[in-house]
């Protein structure tokens, strides 16, 4: 019988002559001892390529899992930092002599640099801590290198994306420059301090005092940023005028309303105005009420100012097929949504395109898109105007095109050049109309601007390049009829105007008698009915019948009456539409529509809250694509939901953030993030080992990018939706600083205490690749921050950190991406020994 047991398999580089070569056994094979928790099963018989592929896929899948649990973690943080407390402020205008206000416990700057920074950087920080503890308190490369690599990607690549994604002609500037200055300085200082510790003060050793100081920089940064946010350098009289620290003079006048302005004050008024606007759309264009409410909710949710946490959560749900924080707008209503998103001034000029390109080109067009003329007038005048650049003479060819009117029976064709002299803005042409004695229906033809003269440059045609000319045949008296068969009138109008038109002829004086007829509306009670006669002069084609609408005490109105044309005189006859029904509706009906849209919108906004309030709600949201908005889900949403379904259902077990003010959800999700981070650390380490990639390179590429993907989407959305750059690139530096002070300071302090207590020695941290990447990143960070300052102060970049003229903003993005590529390239070359680094 063949011996099936496997005792030993020699390593690829092992030889019989080299007893020190490593031998792979059934329980000790390549990369089997690389992880802390992995591998969980024996992979000895698996090929290295299969293992590498599986570990890479598992790493990506776990990145999705970490993003989802981080979503819950940040919802808990939002609940914690939104806590309010009541304070009393003296107010002589109240009977009690004071006013009670709900004031946020957490300062926004403190929240951004503490819990919110922890929320966005928890995986990187915990990876560094777990790596040290899991390696028996020996220093590793994966955690610290991930922190540096993530900082590099955040500052350079995300900033590049934010600069370029701003819409054409728009800019975004920093608002809180003091806080930005503090965080920018700390961002650079943090990595300079790392380099000093690793290669200057105590090379390759981290003493306990160095670790403690590194960790203490974290609360110091928060305190200094808080002082900058509170304008600590203001004069004392300025502070006294504010009444109390943390509440401005404006807040003191009516602070409760000021703090709740967006949600309960002018926010409701703006929502009502938006509901009225969409009410008109719903009535005129047939938009369903629920869709109108979603349009309103989408606009409000998108246009509100949000912090980085909100954008991070929304980005995470976008890449996992979860419940969006902005409602999805159906494609069929996208045009209406794009229109209501614009400011009112822009909305009015939505279709007004500047063909002149700022006045550099001459634009030529007709003065009107339609012209009417009586056949007996023998000719029609068509105006042509020019605007934009009018300094040079130009010529444009004009040509007629047959419609129902044809040449030469109805008009004389025109095909000639119209010349504009310098500074000329208006010209006109005359087209002859053929007047015959035969009756014909009204006919039309077209006049078109064809092309400019061969010597004309920098000129273009405007919106109205075709004009329709209608020939009204006046050889017959014509037909008299209503312009439309139904009209809706509101009871707020004192009268309803009913148009009557004269078609197929305009010859002579004609008249038509009319009378009203009750249907559900009663004459003398709901409207002032009766009868009358309309007179049309020779050539006159339009008149109106005015019927007064009477006030009614009814809460709701939906009543109709009829106006009928009866007898014509002067040779005219009745047309097809001889009866018109007028429906009187009360304002309450429209207000009811608006009220329903308003309430549905508020319900949608409540649905868009960050977290669910019950476990049942969490599971329902986890098990349904888009959190239950299935009809709005795309194919990609279903794919992402399928990939993340396991994580969503598993993490729905975490207590909802509403319990105990979010602290149970905070602690449990933080523990889960720690466990998931340990898994990702093992996956990344083993994957790098299998493809012979040093941990430092794996960290600054695969791991850093995986942890930064949600931040990328969050910053891009914040850059395009917010009015300032603070929520997009402004918070990057603060997050990068926190990563170092907490993500490296904490594990260093733990390890330093461990080794000092156990052996009395200091914590060994080989500088190597870490020091080199820190130096390269520090140089890149300084250049990037200086470049942002230059952008803010030079008009060529639009005097702003983000956006601006097209070419300069793309050049800026290219510069930032180039810095990141150089950082990756130089760090990889040093880690693989292609270049040396000695200090």
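Glycine too: its Cβ is placed from the backbone N, Cα and C atoms.
Cross-referencing 12-37, 90-115, 116-141, 142-167 with TrEMBL places the feature transmembrane segment at 142-167. When the ranges 666-691, 692-717 are checked against TrEMBL, the one recorded as transmembrane segment is 666-691. The residues of the domain 'Calx-beta' (351-450), classed with DSSP into helix (H, G, I), strand (E, B) and coil, number 3 helix, 51 strand, 46 coil. Comparison of 52-77, 179-202, 666-691, 738-757, 769-790 by number of C-beta pairs under 8 angstroms to the transmembrane segment (208-228) places 738-757 first.
Here the transmembrane segment (142-167) touches the transmembrane segment (769-790). Their Cβ atoms form 3 or more pairs under 8 Å, with each pair 6 or more residues apart.
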